[in-house]
Amino acid sequence: MDIANYIYLSVLLFTIGAIGVVIRRNAIVVFMCIELMLNAANLAFVTFSRVHGNLSGQVASFFTMVVAACEVVVGLAIIVTIYRSRRSASVDDASLLKR
Amino acid sequence: MTTSTNLVYLIALPLFSAALLLLLGRIADKWGHIFATLISASVFVIGAIEFFAMQGRDGEARAATQKVFEWISVGTFQVNASLLLDQLSICFVLLITGVGTLIHIYSIAYMSHDHDRRRFFAYLNLFIAAMLLLVLGDSYLNLYVGWEGVGLASYLLIGFWNQKPAYATAAKKAFVANRVGDVGLSLAIMIAFTQFGTVTFAGVKEGASGASAGALTAIGAMLLLAAAGKSAQFPLQSWLGDAMAGPTPVSALIHAATMVTAGVYLITRSNFIFDASPTAQLMVVIVGAITLLFGALIGTAKDDIKKALAASTMSQIGYMILATGLGPVGYAFAIMHLLTHGFFKAGMFLGAGSVMHGMNDEVNMRRYGAIGKVMPITAATFGLGYLAILGVPPFAGFYSKDKIIETAFNAGGIEGILLGGATLLGAAITAFYMTRVIVLTFTGTKRWDENAHPHESPFLMWAPMAILAIGSVTSGFLLSSGSALVNWLQPVVNEHHEHHAEEFLPPLVVSTMALAFVAIGVAFAVLKYRTVPLIAPTDVSLFTKAARKDLYQDSFNEAVLMRPGQKLTAGLITTDYKVIDGLVRSVGWIIQTTSSTLRSIQNGYVRSYALIMVLGVLALVTAIWMVTL
């Protein structure tokens, strides 16, 4: 199997994730898209680890998973809190920063 | 040179009194006027004592000096606050304090209904102090302090009733016109300092003999400008008429007898400059001749009695200035005319004030008439002043004015004939307008306002008028008998009697001609003013219209100086606003606009931040890719 296909898949997943972050309003979906981008990166790490024949890439992917797990904990907590106070999970509603 | 210790009191006493009355405020209301009058009288007594002491000394020792303190000491430049009382100063000291005291006395009654009388007397004393400093200073710089001081006092007194906007404006006008002259004086002092390294009269006199003609002419021209400002001479004459807004005693003291003659003093004091510069002298006589005719012409058309007298003052000072420009022989006659004029003009102004006092402050002579019957003393004293100004023998003006006319003719050549002609013509016009004042005011039929109840003024008012009238009768004879004043002033003005040898016309002929001209003027006025309409007729000659408008002096100043000046300031303001401020403001505007444009990126939407991040990463990656390719 051609190794490039893994990279194509990774790029595809990352792009879908990035587009999702930019165009979706629902915070949960945006969050999921971020996870998708992280996993696309993981896939690339693992692929390149295989290509180079050492384990650095795989170690990096573990780090990414740990970070992703922490992020999910904090991020979901924030989203739930915002939803509680505003009855909405839309990221566009939380635009107070400009003022 | 004698040293004296009394001179400083001449200035310190009235200055102290002015400060006291102004600082004490209303507490001094009850006795302020009496205190100021006593101070003025005591200064006169000191002056008289000094005068008799001077008589006791002779020759070189006559002049007295007093060093009060060291004023400026910078390197080689040293100015002491020193006073110099010489034969010239003492004439002025006696005139200022003598006439000043009489006018103080007069003002006690004249201003009795004014609740600011104390302030008025404080200003009068301030004036006396400043004027004495002017004539007693031994250097141009000391003189300058007094010069500014009298300007200030004049400003304060013209605008004494400053609740009337027109009067306040008149005060400002006088101040501004004087300021132009003051610039001339300060320039003259600066030139003198650069040329001679000193500003004392003695030092400049010493240096003048070896100075270049150009420098002397420049100093002379600047001094003349200063004199023109202070003495209301052409081309700075326009303020004097409006200065009549001040109370009448002020007009009598400051704007007739003393302050306006400061220009004559300045030129006489600087005789060493003018004697050494024929060009400057020529300028002086031209200014004098123009002003004497200018003032006289204005006087012929004025219905306001004070303005008619003011025009007359301008004209008479023109005579004095002309005389000072005629060289060593003229100075003494200028000073003599100044002294006699001080008597008769102050007397006539006080007379005018007395008439106004009785006529509810009416100044329009067309509303007077037949006042001589109800105010006999005023009419008599005014009449004596009138005879004096006309130059009828043996009244004061005859001795002083005829001498000036004679000296003008003796100037020689075309110049002499022109100047003599101008002075003779001036005498005729003077006779005309003064007769007009007399006829309109004291004789003829009553043209009074129905509320007017003229009555003779109180003793405190007519006594000073009577004393001044005696002066107008006798001063000329006393000053000229045996050439008393000429000999007295001789050490100051360096007159040598050489000019008397080449007389153009003998004195008798000149006097006869002058009298003939005066008679013509009087006859004209008497014939013309047999009936006086209440409203000034409007179908008058172009010439009368011009004279009524002060020969367009204000229109000229407005068109040539004021309006271009206003345009200039408006232009400068616009330039400042548009260009200089515009530069500063445009910097702010650019930053503001840029920042408000950039700020719109910060819209608060997470998604747009994410998009920008993505785009940024893409750009970064592309850039790296391009580089490594």
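Backbone N, Cα and C atoms are what each Cβ position is placed from, and that goes for glycine too.
TrEMBL: automatically predicted annotations, no manual curation.
Checked against TrEMBL, the range among B:328-350, B:374-396 recorded as transmembrane segment is B:374-396. The stretches the transmembrane segment (B:250-268) and the transmembrane segment (B:374-396) are not in mutual contact, being linked by fewer than three Cβ pairs under 8 Å (pairs 6 or more apart in sequence). Here the transmembrane segment (B:210-229) has Cβ contacts under 8 Å with residues 147, 177-185, 187-188, 191-192, 195-196, 235-237, 262-264, 266-267, 270, 273-274, 276-277, 279-281, 283-284, 287, 321 of the same chain, all six or more residues outside its ends. If you look at the transmembrane segment (B:459-484), the same-chain residues 6 or more away from its ends with a CB under 8 A from one of its CBs are 99, 102-103, 105-106, 108-110, 336, 339-340, 343-344, 346-347, 350-351, 353-354, 357, 377-378, 380-382, 384-385, 387-388, 394-400, 403. Taking every listed stretch (B:31-53, B:120-137, B:143-162, B:416-439) in turn, the largest tally of C-beta pairs under 8 A with the transmembrane segment (B:87-108) is reached by B:31-53. For the domain 'NADH-Ubiquinone oxidoreductase (complex I) chain 5 N-terminal' (B:71-121), DSSP puts the residue distribution at 29 helix, 13 strand, 9 coil. If you look at the transmembrane segment (B:416-439), the same-chain residues 6 or more away from its ends with a CB under 8 A from one of its CBs are 285, 289, 292-293, 296-297, 299-300, 302, 305, 308-309, 311-312, 315-316, 318-319, 322, 326, 365, 382-383, 386, 389-391, 401, 404-405, 408-410, 504-505, 510, 513-514, 517-522, 524-526, 528-529, 532.
Sequence-distant contacts of the transmembrane segment (B:120-137) (same chain, six or more residues past either end, CB-CB distance under 8 Å): 7, 10-15, 17-18, 21-22, 32-33, 35-37, 39-40, 43, 82-85, 88-89, 92-93, 96-97, 100, 103-104, 107, 111, 114, 143-150, 152-154, 156-157, 160, 247, 249-250, 253-254, 258-259, 262, 265.
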